[in-house]
2 protein chains.
Amino acid sequence: MGEFELIAQFFTRPQHPLGPGVELGIGDDCALLAPTPGMRLAISSDMLVQGRHFFADVDPRSLGHKALAVNLSDLAACGARPLAFTLALALPQADAAWLKAFAEGMFALADQHGCALIGGDTTQGPLNICITVFGEVPPGQALLRSGAQVGDDVYVSGTVGDAHVALQVLLGHVTLDDATFAKARQRLEQPTPRVALGQALRGIATAAADVSDGLVGDLGHILKQSGVGATLRAQDAMQLLAACAVSTGATGQFASKNASFISPELHLQSVLAGGDDYELVFTASPANCAAVQAAALASGTPVHCIGQIEAAPGLRVVDSAGQPVAQGVKAFDHFAPHKG
Amino acid sequence: MGEFELIAQFFTRPQHPLGPGVELGIGDDCALLAPTPGMRLAISSDMLVQGRHFFADVDPRSLGHKALAVNLSDLAACGARPLAFTLALALPQADAAWLKAFAEGMFALADQHGCALIGGDTTQGPLNICITVFGEVPPGQALLRSGAQVGDDVYVSGTVGDAHVALQVLLGHVTLDDATFAKARQRLEQPTPRVALGQALRGIATAAADVSDGLVGDLGHILKQSGVGATLRAQDAMQLLAACAVSTGATGQFASKNASFISPELHLQSVLAGGDDYELVFTASPANCAAVQAAALASGTPVHCIGQIEAAPGLRVVDSAGQPVAQGVKAFDHFAPHKG
């Protein structure tokens, strides 16, 4: 199959509307967007590499979903409404079954968000997926990492940590019962970008980022860029792990609802430093507590307050007695040895 | 070196102005563009893979230049003014000397065009460079592939074919004297995107594309999307080869000015089907002949008329007696066996 046949067969949808704001899609030297006059265009680009971001045997449908999801998650984190995206794809070979499933997974998510594929590139090479996504946000309303204020509450959407536990299972470091693993794996392989929540938080959140490299790392970006620090409550943070474990409370032991067990250390590590959840971490004034809950309700996305922004730089995680925990927790770094 | 340190050291230029139209650059979940109200945003994305688009030992400064040049060339082909770009980079390792040279080559070209790096991604993996570029063009003035009209002249900017000859030398198929090879290699490794010419041709050219995969293939896209055909004059086309060869005229033999020789077959193949030149192929009404020459003069870019658009589908290449030549010439296909 040739390059242009491949694009025509799997990535061109002549019957599919491109949506408002897209004037020209695939097939010319450039695509053309017609942005709403006065709006800001939010842009993000993520590259996924086999062996680094996914395993060679990953379900291609899930991979198509995830490659777009991680980009939509960046739009969510700045409160933008998705418009369109480009896809650049290096493939070892043109495998029709693989491409069909990959495209289906990608377009299913794209259609949920009215986000049209408008262009890109395909070439032969080690498997590599680079998506660049475009969204609109009104002037002055983008959620930035730099806006957190001393006294703000720190929130996290949904649940975090399950993706990291699923990765540990895939790497053979941990075992879980099948049902629990299936739920955790869903979080790893088919994350849900919090696009509606991000838009609902415009004018409410003071800062936001998506949790891609882990809570400590991504909240760390907010703290650094806002010139503030924070304290997180370990007990509240540990409740964020959903599929794999629940606290048994006073005993300090953690057991899965489905009789799978993970260690307290892995539990805390997964919640605080596990990547790949694609939830939002954001800050908001306590005065906006009700507005945050209303945004969560309107967007159908639960949010949890797990700490506060403080003037003292750095990130502290404390137990119920106010004592520091989790000294060894580190965020994911793509140039550090593989976290697996 | 960590991911964020790498970005800070090589790809962040805090003292460098982002230029009008860019509201927020590197460092948040998204970059923010502030497009001029009413303008169209032209977008193109290209992925360069080691072993496919460049050799492992290519000069990183040239590679940085070329990775951006091929994208700017797409903006040129649609007549857009460059605004900004994102860079996603997979690297086997963080090699400081390599990254410094790569960034220098890329930024030197970016600065020539006032095109700011606004975001992207870095990860570990087989070397892969994906740039997505953004430009502005007034509504209705983008040069598309679909506008060629029967009777139009077919033009090519600058020179084509030298990049292909240089590739043949690097692959060991051909030898050239050092001075000739140096000139040809410059065309392969540091192509000049015809950004000023593209903008000067707004309202004059009826269709345009950049010559990335070869003249036959890229003009073929124009013909197909315009629903027309064309005849090219081989003798005029063969004059497009610059560094490597000149026609000796009546004898039918071709010899380099610098005493290197390439065969007439390689000469014709290089001009018609050699990729990587990043010139513009475009069409314009004969009534706009003077306007085309004025645009060429204003942009400092020579252009040559090498044929005509016709109603009969397909692309014909004829000799001075009107007889067909070059039946075996094919455009480059990224999923065909490597043209080397």
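Cβ atoms are placed via backbone N, Cα and C, with glycine included.
What TrEMBL lists as domain 'PurM-like N-terminal' is A:27-137. The annotation Mg(2+) 3 binding site is assigned in TrEMBL to A:Asp29, A:Asp74, A:Asp210. According to TrEMBL, the Mg(2+) 4 binding site annotation covers A:Asp29, A:Ser44, A:Asp74. According to TrEMBL, the feature Mg(2+) 1 binding site maps to A:Ser45, A:Asp46, A:Asp121. Summarising the annotation, TrEMBL assigns Mg(2+) 2 binding site to A:Asp46, A:Asp74. Marked as substrate binding site by TrEMBL: A:His53, A:Asp276, A:Phe332. As annotated by TrEMBL, ATP binding site applies to A:Gly120, A:Asp121, A:Arg145, A:Ser212. For A:149-318, the entry in TrEMBL reads domain 'PurM-like C-terminal'. What TrEMBL records for A:Asp213 is Mg(2+) 5 binding site.
Mapped onto this structure are the features recorded in TrEMBL.
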| residue | record | Cβ within 10 Å |
| --- | --- | --- |
| A:Asp29 | Mg(2+) 3 binding site | 27 |
| A:Ser44 | Mg(2+) 4 binding site | 28 |
| A:Asp46 | Mg(2+) 1 binding site | 25 |
| A:His53 | substrate binding site | 21 |
| A:Asp74 | Mg(2+) 3 binding site | 28 |
| A:Gly120 | ATP binding site | 24 |
| A:Arg145 | ATP binding site | 25 |
| A:Asp210 | Mg(2+) 3 binding site | 27 |
| A:Asp213 | Mg(2+) 5 binding site | 23 |
| A:Asp276 | substrate binding site | 23 |
Quiz item: Can you check what DSSP calls A:Asp46 (Mg(2+) 1 binding site), collapsed to helix, strand or coil?
Solution: strand
Quiz item: Among the binding-site residues (A:Ser44, A:Ser212, A:Asp276), which are close to chain B, meaning C-beta separation under 8 angstroms?
Solution: A:Ser44
Exercise. List which of the binding-site residues A:Ser44, A:Ser45, A:Asp121, A:Arg145 have their Cα within 10 Å of the Cα of A:Asp74 (Mg(2+) 3 binding site), in sequence order.
Key: A:Ser44, A:Ser45
Quiz prompt | Overall pLDDT of the domain 'PurM-like C-terminal' (A:149-318), taken as the mean | solution = 88
Exercise. List only the single closest residue to A:Asp276 (substrate binding site), chosen from the binding-site residues A:Asp29, A:Ser44, A:Gly120, A:Asp210 by CA-CA distance.
Key: A:Asp210
Practice problem: State which of the following binding-site residues has the fewest other Cβ atoms within 10 Å around its Cβ: A:Ser45, A:Ser212. | Solution: A:Ser212
Practice problem: May I ask for the distance between A:Arg145 (ATP binding site) and A:Asp210 (Mg(2+) 3 binding site), taken between their Cα atoms and rounded to an integer number of Å? | Solution: 10
Exercise. Work through the binding-site residues one by one (A:Asp29, A:Ser44, A:Ser45, A:His53, A:Asp121) and name whichever has its CA nearest to the CA of A:Ser212 (ATP binding site).
Key: A:His53
Quiz prompt | Distant-in-sequence Cβ neighbours of A:Asp121 (Mg(2+) 1 binding site), under 8 Å, six or more positions away | solution = A:Leu87, A:Ala88, A:Leu89
Quiz item: C-alpha of A:Asp29 (Mg(2+) 3 binding site) to C-alpha of A:Ser45 (Mg(2+) 1 binding site): distance in Å?
Solution: 19
Exercise. Using DSSP reduced to three states, classify the residue listed as 'Mg(2+) 5 binding site' as helix, strand or coil.
Key: coil
Self-check item: Recorded ATP binding residues, A:Gly120, A:Asp121, A:Arg145, A:Ser212 - maximal Cα separation rounded to whole Å
Solution: 31
Quiz item: In the domain 'PurM-like N-terminal' (A:27-137), how many residues does DSSP call helix, how many strand, and how many coil?
Solution: 35 helix, 45 strand, 31 coil
